[in-house]
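Colleague: As listed in TrEMBL for this protein:
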TRANSMEM  B:32-54  transmembrane segment
TRANSMEM  B:94-118  transmembrane segment
DOMAIN    B:95-287  domain 'ABC transmembrane type-1'
TRANSMEM  B:130-154  transmembrane segment
TRANSMEM  B:166-186  transmembrane segment
TRANSMEM  B:207-230  transmembrane segment
TRANSMEM  B:266-287  transmembrane segment
């Protein structure tokens, strides 16, 4: 390994290094700086210190509402999606015929789910006279005003994301399939029943994958934009009950061109995601089981 | 060979047989329960899509008349009138725009991600550890934080209302997911053949092109397919950067048709929605093996 070879490696990763600096690292720093400025886009940014943050934390009722809605959304969506993904992966992880067919069927929503077309479809499904209400009234119940009632509107957005559990499911399934058969045989010989086997054998063995999915889904859920934006025409209606923080950032930055203030919102959101990620990493010592040297 | 069993042993054998039969029966019941759960959940999940396709062939009067998906009087009116749009361009124009975003972006992604992953997986260089940490960090870094300065950068470069903001970051290996996925794949490939090629006098580029890329091909295809899907679905990028309707990709055109034709032209909107989903669905069904492999190995989001 001579000195020459070192430069070869650097040459190969050079595109990444340039991209990292220009499109990630410098913007990252710049947005932190901008969050302390008043920057109406057409004039130069003016340093205002902590003013944006003080306004956001103590006075901006819209932001408080958006944050509350976002937290509710994330804390309902992520556990629900992971539970579904794991449950279906568990049912699929069995010597079934057509397993490939089912896996495909469940995976389809997660490749289409982020698109405008699906958000449009969601509007039709949960409309006053939409698909769900046709079924509900057909069964003799009263129609639900999903997009008019703040109690239900967020639920429809949540459902849109839970519906896309397929990608998490495929990751769970791969993890379940990698558990060696002799582990289960040993459990069976010791007289463990199905529930015991699941909670004391299967679940601990796949905790690294649960952890991975948890972080990934959480970071994604905090940034949800397409669904609520298209379903509500960007308003977060009704009564801002679906007005997630990313919608507020979009409004401030690209409708009102208040770049400094929008950067401050983005940084608060980033800080929240970071803190939750760090808590997850810290707590993972206690609940994530890494086979490590025990694996033969 | 005949063996005589003592009465005790015979009883034990009988019990064992009965036990096996019970186990087999339990397994059968378990399999049936699993199929029933899978079929019901699967049907509920896919029904919205089935309904979408059916409703896109219905008349406007029929769409909200019943929850069934089979049109009573099938019509292609929704497709014909939706295709024309309310703008000067038809949907074909917007599909071509999407294609024109998609192709350079996908090629740029494939080339840059392969080069970078090769660099990380096969060479030592100063700062490698830190750079690899940044790959993971970018993987988890929420885009919301960098979006505003990126917009300002593209504005200063004069790139607004062009496709450059959509192409260039990807061509510089900007999607850390793909780099990470290819590194994972490469690590699993033994280096013997590459070392043999090097001994025979091949340089690193020749080794990459003739040895590594053929072995890595399935993973590179996965990368291209995921990039295809993400770009088809991408809405926020074009929404921020593309302002003239002439340059709209299908995602923005569909949203536009929602604003303009919403009133009572439901079948037009549904027909165009179904149409914009078609490319992704076709690609997925043709190449689903690559998706499943890609996601299981690289842990790529959907």
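Glycine is treated like the rest: Cβ placed from N, Cα and C.
Could you place the listed features in the three-dimensional structure?
Modeller: Using a Cβ-Cβ cut-off under 8 Å and counting only residues 6 or more beyond its ends in the same chain, the transmembrane segment (B:32-54) has close neighbours at 67-71, 270, 273-274, 277.
Long-range contacts of the transmembrane segment (B:130-154) within its own chain (CB-CB distance under 8 A, at least 6 residues past either end) are made by residues 120, 160, 164-165, 169, 176-177, 179-180, 183, 240-241.
Residues 102, 105-106, 109-110, 113-115, 118, 122, 170, 175, 177-178, 181-182, 185-186, 189, 193-194, 197-198, 280, 283-284, 287, 290-291, 293-294, 297-298, 300 of the same chain, all 6+ positions outside the transmembrane segment (B:207-230), place their C-beta atoms under 8 angstroms from a C-beta of that stretch.
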Colleague: In the same chain, who gets a Cβ under 8 Å from the transmembrane segment (B:266-287) while lying at least 6 residues past its ends?
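Modeller: Contacts of the transmembrane segment (B:266-287) (Cβ under 8 Å, skipping residues fewer than 6 from its ends): 49, 52-53, 55-60, 63-64, 75, 77-79, 81-83, 91, 221, 225, 228-229, 232-233, 250-251, 253-254, 257-258.
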Colleague: Residues sitting near the transmembrane segment (B:94-118): Cβ under 8 Å, six or more positions beyond its termini, same chain?
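Modeller: For the transmembrane segment (B:94-118), the list is 85, 163, 166-168, 170-173, 175, 178-179, 182-183, 185-186, 208, 212-213, 216, 220, 223-224, 227-228, 231-232, 238, 247-253.
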